[in-house]
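What follows is a short report on a single structure.
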Amino acid sequence: MTPNPAIISVIGSLNVDLVSRTPRIPHAGETLTSTSFAIGWGGKGANQAVACARLSRSRNQAQNDADVQVRMVGAVGADEFHAGFLAALREDGVNVDRVQILEGKKTGVAVILVETHSGENRILVFPGANGEVKGKRDLVEGDEGVVLFQLELPVEVVLHNMKIARDRGAETILNPAPAIPLPNEAYQGLRHLMVNETEAALLSGIENPTSWDEVAAVFISRGVENVIITLGGEGVFYKTAKQQSESQKGHMVPALKVKVVDTTGAGDTFAGAYTVAVARWKAMAQGADFDLDAAIAHANRAASMTVQKAGAQSSIPWANEVPEA
Ligand code: ATP
């Protein structure tokens, strides 16, 4: 094990994706034969944990030798899926000691129907064990450099643990997906907020923004330090509280021009690459400023790899597969 590795905890969801492809979506009462079926390990929490682990080392490097250690914190059911799921996470280098296995509960499941010709999907999510991570439970261990959150666990769990992580001096990163309105306390002292366009509009309350600066300003006024708005094929906008206080504009980084196959997982890859950069800085810091520009540029390049391959977790690259600046 590398001495004093940077520790990332991802406090979030684990879902099994059951994906069927169909020529068309069946009507009520109708049975159709699907053209393919696949089981995938997913959930935003698990996907982002895998992204953190892969993006912290090269494909052939053991996670123990990496300078970053990644912990998944959440719950699965003691059912037919959990052993395979946890084994896959371990295989990717994610520590799963803090994933609870709940007797009598089911692992979260997303039943996904994909209409082949349009690529449109219909998704039904059963939270299962994710929904059992309840109340004001302390899931932060205290040795983390970074704690990464999404909103697929009950919101009170997320809010409580964001506060604990902040109080213990960890860098907090929130990717508020799926977006639900949050109380102001969610943003107070939040170091990094990472939203896509839809989440940015819903959470800022600005439906038709005239500029991303305007949207970022709302989050900064609520107490966020670094606001990152991912804009799909357009790239990324980001702005800091410091820029805001100095009346400077935020920055825009265009997406890389690549051949897009499937954008699923792009946001999770971006989150993983960015989180690893924050964790490395936090472990080394000693007074140096966080190089936000470099972290964003790196995450943008990492996410551009994901869109060139099909699948969610399967398209997340390892660090050595991300092109150099
Ligand atoms: P998803 O839910 O599909 O995982 P998201 O909606 O959370 O993604 P996006 O804003 O769509 O996030 O994409 C995240 C990042 O992925 C972008 O900021 C960019 O870096 C990269 N990306 C997305 N789409 C493209 C594209 N078409 N070409 C190149 N890069 C892309």
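These residue numbers are counts, starting from 1, taken along the chain as shown.
Using N, Cα and C of the backbone, Cβ positions are placed for all residues, glycine too.
Looking at the domain 'Carbohydrate kinase PfkB' (8-318) alone, the prediction's average pLDDT is 95. The domain 'Carbohydrate kinase PfkB' annotation in TrEMBL covers 8-318.
Per TrEMBL, substrate binding site is recorded for ASN15, VAL16, ASP17, GLY43, LYS44, GLY45, ALA46, ASN47, GLU152, ASP268. Under 8 Å, Cβ to Cβ, and six or more positions away along its own chain, ASN15 (substrate binding site) finds GLY42, GLY43, ALA46, THR107, GLY108, VAL109, ALA110, VAL125, ASN130, GLU152.
The DSSP secondary structure for ASP268 (ATP binding site) is helix. Shown in sequence order, LYS44, ASN47, GLN48, ALA51, THR306, ALA312, ILE316 are the residues of the chain, 6+ apart in sequence, with a C-beta less than 8 angstroms from the C-beta of ASP268 (ATP binding site). Here TrEMBL flags ASN196, THR230, LEU231, GLY232, GLY233, GLU234, GLY235, GLY267, ASP268, ASN300 as ATP binding site.
In the three-state DSSP reading, ASP262 (K(+) binding site) counts as coil. Neighbour list (ASP262 (K(+) binding site), Cβ cut-off 8 Å, at least 6 residues apart, same chain): VAL307, LYS309, ALA310, GLY311, SER315. For ASP262, THR264, THR306, LYS309, GLY311, SER315, the entry in TrEMBL reads K(+) binding site.
Feature annotation from TrEMBL assigns active site, proton acceptor to ASP268.
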So if I take the binding-site residues (ASP17, LYS44, ASN196, GLY233, ASP262) and measure from each Cβ to the nearest atom of ligand 1, which come out below 6 Å?
ASN196, GLY233
Can you tell which of the binding-site residues GLY233, GLY235, THR264 lies nearest to ASP17 (substrate binding site) in space, using Cα positions?
THR264
Max CA to CA distance in Å over the substrate-binding set ASN15, VAL16, ASP17, GLY43, LYS44, GLY45, ALA46, ASN47, GLU152, ASP268?
16
What's the number of neighbouring CB atoms sitting within 10 A of the CB on THR306 (K(+) binding site)?
28
If one looks at the chain holding THR264 (K(+) binding site), which residues at least 6 apart in sequence have a CB under 8 angstroms from its CB?
THR306, ALA310, GLY311, ALA312, SER315
